[in-house]
């Protein structure tokens with residue numbers, strides 16, 4: 001798919017803009033009149049659009065409160081009782097540990113999608129391009145604008161491709177009991193937003209994800225086929241059909257095919273660094289004034305250092321694609337986020353996906369200098385974000401009932417099926433069974449924690465282990481990476497002044 005811009009716009013190019021430039025985002029082409037590097041004549045004071053003041057809804061607020069409680073409780077119990085017992089595998093069978101942890105996360109995220117869509121009543125729509133599989137030793141980047149602090153939560157409604165991605169997050173989030181431990185086990189990457197100190201942890205964890213291979217090697221272990229075949233004998237036909245639906249070959253191959261579709265080093269990043277609000281917008285436009293860049297109102301100017309480092313670290317032969325994803329809220333923007341507990345929850349969330357082949361990045365530098373490549377990649381990212389700004393401006397200019405991107409796709413959800421006639425979502429047997437499994441698990445764990453000192457002692461021991469690894473080993477993910485070993489990717493050394 002060709003780039004949606006007439007050319008690669010670097011920082012120096014932006015500073016010298018005097019003419020109108022055509023930018024295309026997805027299927028929308030807009031003309032930005034840029035004079036002296038300024039998109040608007042006045043600095044926007046508040047993010048756009050201004051969300052309508054919808055009435056409170058006690059029932060929807062209670063539902064979202066219940067969902068939040070269930071997500072936090074299930075993450076807490078899941079990290080202790082599902083991921084905790086797997087810790088010995090990290091040094092006994094490191095790749096099997098990685099595969100098992102990924103499957104616990106896949107199950108929990110499937111449960112999260114079920115709660116968001118079925119209980120909260122939020123319809124997540126996918127427009128544009130599909131997510132495509134790539135080689136197990138490859139990598140992909142998903143770039144998402146950060147409109148609210150709930151963007152990542154709703155993004156899980158896009159299905160398995162996003163649910164299998166590793167998110168790059170603020171370091172402080174790793175300290176949350178339950179959720180933070182689970183994300184550490186899943187090898188999410190936590191950063192301090194200072195590339196000189198972040199690059200070592202990025203190098204280590206991306207190398208770990210790549211060295212872990214396809215992750216689903218357990219499907220090839222002796223006895224796995226026998227276990228699966230025996231299990232299938234006791235499955236009713238409907239369950240087997242449900243499994244086959246997600247597999248091109250046989251039900252026995254389902255776990256392997258599912259894992260191979262999404263390589264272990266698929267990363268979700270927020271180049272803007274923080275969510276859009278009046279404070280962050282003021283800082284972004286203050287930077288724009290100093291750098292002679294266009295003012296923005298629907299996005300923030302991206303921080304390019306982290307993106308550039310990831311691209312150069314992975315390289316053109318390992319990086320297969322970049323997914324430029326734009327999130328938009330057609331009816332209500334959940335900000336401040338606390339309003340969701342008052343029932344101010346969006347009816348729909350729209351995600352537009354644009355797949356860009358890594359070969360379309362500006363890899364080639366005339367003189368081969370690393371600095372030139374960095375500047376080109378930074379300029380490329382800024383250009384995508386200016387197109388995204390224009391794309392969102394055009395989207396929100398429409399009446400609420402007409403706010404849609406073009407080319408809605410079926411998506412790759414395993415929790416729901418879309419009825420193409422009625423446009424309704426119906427739970428799949430897999431999604432329903434997974435949700436029932438989690439509800440029963442929460443009841444069982446709560447009961448046995450109350451009546452059994454053995455279960456209670458085990459839970460305390462696992463939590464002590466998680467806290468110890470978090471403090472003295474740099475995190476559960478770092479500890480696991482040391483057990484696996486393997487070649488270490490290293491990127492160019494960055495200065496302390498650069499922010500990721």
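Cβ coordinates come from backbone N, Cα and C, glycine included.
The transmembrane segment annotation in TrEMBL falls on one of the ranges 405-427, 428-450, namely 428-450. Between the listed ranges 64-84, 85-105, 106-126, TrEMBL ties the annotation transmembrane segment to 64-84. Here the transmembrane segment (64-84) has Cβ contacts under 8 Å with residues 101, 104, 108, 111-112, 115-116, 119-120, 177-179, 181-182, 185, 340-341, 343, 345, 438, 441-442, 445-446, 458-459, 462-463, 465-466 of the same chain, all six or more residues outside its ends.
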